[in-house]
Amino acid sequence: MDRQPEVPQEGDSDANGVGTNKAPDNTTAATNGFQQTNGDSSHNHNAKSNVDRNNDEFSDRKESPLTNNNNNANKQLLQEPFRKRCDSIPAADDGDQNESKVLVIYTGGTIGMIRNSENMLVPSKRNSLDFLMETKMRRDPRLYDAKYALHKYGQSMNCSPLVLPHVKGLRRIVYSVYQYSELLDSSNMSMSDWRSIAEDIWQAYELYDGFVVLHGTDTLAYTASALSFMFENLGKPVIITGAQLPVFDLRSDGSDNFVSSLLIAGNYCIPEVTILFHNKLLRGNRTVKVDCESFAAFDSPNLPPLAVIGIDINVSFRQIFRPRTIEKFRVQLQLDENVSLLRIFPNITADTVRTFLQPPIRGVVLQTYGAGNLPCNRVDIMAALKEATDRNVIIFNCSQCFKGSVTAVYQTGYVLNQVGVISGNDITPEAALAKLSYVLSKDDWDFNTKRMMLSANLRGEMSGAPPKPAKKNRAADEWDLVDAVARTLLHVNGSQELITLGGVLFPAMLGNAVVRSDLSKLDELKGFGADFSAQNADGRTALHLACALGDVRIVRYLLLNGASVHIKDHFERTPLIDAVENDRDEVVALLRRCGAHLNSPAKHVGQQLCNAAAKGNVSRLQSYTVAGADPITAKDMYGRTALHAAALTNQPEVVKYLLSLQTEGLGSSGPPVDLMGVTPIDLARAAGHAELADMIQQHYKRIPASGDDKLLYKLH
């Protein structure tokens, strides 16, 4: 069961999670069910999370914290523990704009292989840094901009993240490579490996803008389907890619697949698990492998690509399947392994069918002919299926055909419905197996709920009824210009000019409705196909505007209809920043419930807190606190905190507020010191604010110091 604590809070890490060697304090987990929740936590740094942190395990161990399968001991980083490596990524404190951070997880596969002395493809050597994938990438000018890295990181460039050469019109990609020390042949992939990948992404979720998983092609579609269901309320892009030839070969599809994956993961907020192959971005749970020799190895038979990569990257934003709930990203690590796949063939025996349906099997994906047909004259097979469904074995019907769907247009298909077999519509076998395993693992769902969820379109894995245009209670002659434009754009299919026009007009119409707080207009635009995450010329969305205005009702509506909390405008501002800097605390709390987090560099957040404190702006400090910042420990580039600024500028109300946070549990137990070793007490006395200095000094005298905190005292 997921636990959802009530008060949003980020813990004592910096604003973007960088700089600590432990998991964010807003992490909770129920380890007995392999269930993780990146949920809220209380405003108390001393309160223990449900994650076991004995011996600082998040910084020292190399094994996943929630996995009890010994096979996962192999999933180690060659050089450093995973969490420690993620947390050591330098923040862009030098003011760099227009960068996105992407995590690359290399699990194995042809894409990262090297050629040995006999020109045979082999995996990277386990204990050789020279053959580590990241090392080889640093030597490839297509994958690493050494000049920019030297400018950004200086002499530490060789141990810093990698930087992709800049592509005009897109954010520059800064990426880190996490390579499993035991690389996997994808044919050997199992559910425990899916759990490892899912957990690694979950641990680093707030540190990156997107994720790329490098994977072998044999079971890539299975992994993509599984992750799409394991990731609940996903708000960031997760792209899985591979190659038919290694990325380091002169003639290779690997480099194109890899670079395109990085660019899309860092520039387009597509909150789905997708597969990128041969210049097409495909929905992961709609994709099958269709060719083992061609570069066009994957296809999505029943759904057009989400994006096509040519001279430009053309994204079909209307097709993106977005979460429509106000909940944080979480991972369902538990999957039911008691599922099987049964393909019907002529003259199949009833004994074969019964064998597939025997305990401990709890669910079966039944691959039938054509539109979901099975020989209706085989009474013995029908009886076996009926007997299994009576025992609450779930049977999920999908077609053996790549294209088309299961329908009860023939008597044989109708008979299957009568014995309790559930139609999978146009779902792929890979997605059907993953969905069945996911649904069966939900112990808090009863049997009827599980059957209902299998029939529902949970992650865009199968076709559903298209959204109906909103009903309008007005006469035909009362349509305004917005309605007329929206109705025209609803029918746009292929004209690039009209699609471009829609990209300009829809954000403007949405913004107008938000400013007027017009829910009915938003509902109409939704019916006409408006994308609530569409960006205007400044990269701002309707949610940015609603958050700045503080209209909770509109914000809630947008979130429930797929608006993304993670989209950054051209000034690197998210909706959360707009809400914070307009002191919209109720909106901030709502965004935090939906998974929003501060993504600004730590020192930038520290500077903003110091500015607010110096101006006596308690409301702004409160907003940042609700957003997950810690006003007590966050520091600017000189190591000064908000308390330093308040003490120097004689802001007693700010000091009282900050000290009250420490009483409630925020921050360390001793007074903070800046880079020169100066405390707020020192500054207050030097500025002649003796009364304020005494107030701070008396406060810290009442708080017992612990451990190294005693060294922080400079009380005169």
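Each residue, glycine too, has its Cβ placed from N, Cα and C.
TrEMBL annotations:
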- 1-76: region 'Disordered' (REGION)
- 23-41: compositional bias 'Polar residues' (COMPBIAS)
- 50-64: compositional bias 'Basic and acidic residues' (COMPBIAS)
- 101-316: domain 'L-asparaginase N-terminal' (DOMAIN)
- Thr217: active site (ACT_SITE)
- 338-447: domain 'Asparaginase/glutaminase C-terminal' (DOMAIN)
- 538-570: repeat 'ANK' (REPEAT)
- 638-660: repeat 'ANK' (REPEAT)
Worksheet item: Looking only at residues six or more beyond either end of the repeat 'ANK' (538-570), which have a C-beta under 8 A from one in the stretch?
Response: 98, 209, 235-236, 269, 271, 322-326, 507, 510-511, 513-515, 517, 519, 522, 526, 531-532, 576, 578-579, 582, 584, 586-587, 590-591, 594-596, 599
Item to complete: Kindly report the helix/strand/coil residue split of the repeat 'ANK' (638-660) according to DSSP, in that order.
Response: 16 helix, 0 strand, 7 coil
Worksheet item: So, in DSSP terms, is Thr217 (active site) helix, strand, or coil?
Response: coil
Item to complete: May I ask which residues of the same chain, at least 6 positions away in sequence, place their Cβ under 8 angstroms from the Cβ of Thr217 (active site)?
Response: Gly109, Thr110, Ser186, Gly242, Ala243, Gln244, Lys289, Cys292, Ala297, Phe298
Worksheet item: Per DSSP, what is the residue tally for the repeat 'ANK' (538-570) in helix, strand and coil?
Response: 17 helix, 0 strand, 16 coil
Practice prompt. Mind tallying the domain 'Asparaginase/glutaminase C-terminal' (338-447) by DSSP state, helix then strand then coil?
Written response: 41 helix, 21 strand, 48 coil
Worksheet item: Any idea what the model's mean pLDDT is for the repeat 'ANK' (538-570)?
Response: 95
